[in-house]
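First comes the structure, then the notes that go with it.
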Amino acid sequence: METGGNSLPSGPDGVKRKVLYFYDPEVGNYYYGQGHPMKPHRIRMTHALLAHYGLLQHMQVHKPVPARDRDLCRFHADDYVNFLHNVTPETQQDQLRQLKRFNVGEDCPVFDGLFSFCQTYAGGSIGGAVKLNHGFCDIAINWAGGLHHAKKCEASGFCYVNDIVLAILELLKQHQRVLYVDIDIHHGDGVEEAFYTTDRVMTVSFHKFGDYFPGTGDIRDIGYSKGKYYSLNVPLDDGIDDESYHYLFKPIISKVMEVFRPGAVVLQCGADSLSGDRLGCFNLSIKGHAECVKFMRSFNVPLLLLGGGGYTIRNVARCWCYETGVALGVEVDDKMPQHEYYEYFGPDYNLHVSPSNMENKNSRQLLLEIRNKLLDNLSKLEHAPSVQFQEREPDTELPEADEDQDDGDERWNSDSDMDIDEDRKLIIPSRVKREVIEPETRDPVCSMEVQIETIEQTRGFDTATNET
């Protein structure tokens, strides 16, 4: 399929893409606290599978350059970033007012190395956008990213900084239009809110709706002002399966690509929409989830793949390993190779898991109504929006260090980066909220006007590396 703007030179879907993958070996050491469902260790497990399946040899592997305060402040408020930078488990009791103000404490606990964690996952997403902007890859992957709930001035839903918004702001330097697609089970509220009033970013979120966190994402939420009809919400009910999901996903995305013609696409691949997730209630198989990645890849538009939710961590690792293979155009075996986390995947040690027999509460009539409504909304956008020509901010410079990692033998070692810190102490008990809250009111301060002003007034993401 050749639809979309700025088609890649890689031709038909069967042709290999140049893929760049971001991974920091320290990311698996961060620990939200005992009993908390968000476990960064899943990123390390994913990396182990990629190594032992031999997929790392087919792509460039980069350690992300940590995002700095001023990089994060291109979207987030200065005082919020300053708080994240300085708060520690030892000092948090002296900052109770700020903890409440910035929504940090329960779902989003203070843990050891919190700000470094934010710098790492945001740095991978921004770095992926920079590489795509410079044409150094067709697809960039950062499985540590995709934390879509974070707001301009507060943490939300296990997310502290919104790496997706920061990456899209970077892509907007080079592309007139950017498409954001979210297949996490939760609504991508932080990203939608950031770009709710602009026609340069279209957000499309497929999510569980109704008495479910974060409570937003009604089909009637369509954007505002210049952004009217540039926010699409696909509200789904429990138990949706592969067939029903694709019945909506493919025609809606096809129409979006035809009408909006994005220069780049960001796909958030939250794995909590898989069958059997600890916090989820959908019934997608790994192949069904990955079909969305394959479909987006088929449009030959620069693509940034990000992680997101996913709380049955063995299935998260399975999913993102398989989807890395999809990005590369490599079919991986179902039988899993021996590796350091092999025992997590028993008793059958296969990559794929079967969906359950749970009831699909999404009737064909309901799906048809959703599809027709959203396609009708898209029909009101007659053509890609025009963007007034203006002097563009200089492109972000690339770090020299990244260009020295082309030797496959030096890029990775399957036996390194894998030691988990089993002795990491519990910093603070955390009672995680149930995933149900009242719908939030939209903060007009977070509108795209603020983001565009930021793009025009700041120098952008400086990826200079520090010598160690």
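Any Cβ shown, glycine's included, is placed from N, Cα and C.
Since we're looking at a predicted model, the values are computed, not measured.
Residues annotated as domain 'Histone deacetylase' in TrEMBL: 36-324. Per TrEMBL, the feature substrate binding site maps to Asp107, Gly157, Tyr311. Annotation source TrEMBL lists active site, proton acceptor at His149. Feature annotation from TrEMBL assigns divalent metal cation binding site to Asp184, His186, Asp272. The region 'Disordered' annotation in TrEMBL covers 384-425. The compositional bias 'Acidic residues' annotation in TrEMBL covers 396-409.
Here the C-alpha separation of His149 (active site, proton acceptor) and Tyr311 (substrate binding site) works out to 16 Å.
Among the record's substrate binders, Asp107, Gly157, Tyr311, no two C-alpha atoms are more than 14 Å apart, and one pair sits at exactly that spread. Using CA atoms as reference points, the binding-site residues Asp107, Gly157, Tyr311 were checked against His186 (divalent metal cation binding site), and the closest is Gly157. When Cα-Cα distances from Asp272 (divalent metal cation binding site) are compared across the binding-site residues Asp107, Gly157, Tyr311, the shortest belongs to Tyr311.
Within the model, the domain 'Histone deacetylase' (36-324) carries an average pLDDT of 98.
Sequence-ordered, the extra residues of this chain that approach the divalent metal cation site, with Cβ no more than 8 Å from the Cβ center of Asp184, His186, Asp272, are Ile185, His207, Gly270, Ser273, Leu279, Gly280, Gly308, Gly309, Gly310. Around Asp107 (substrate binding site), a 10 Å sphere centred on its CB holds 24 further CB atoms from the protein chains shown. The separation of Asp184 (divalent metal cation binding site) from Asp107 (substrate binding site), Cα to Cα, is 18 Å. Between the CA atoms of Gly157 (substrate binding site) and Asp184 (divalent metal cation binding site) there is a gap of 12 Å, rounded to the nearest whole number. Residue density at Asp184 (divalent metal cation binding site): 26 other Cβ atoms are found within 10 A of its Cβ, drawing on all protein chains shown. Asp272 (divalent metal cation binding site) counts 24 other C-beta atoms within 10 Å of its own C-beta, drawing on all protein chains shown.
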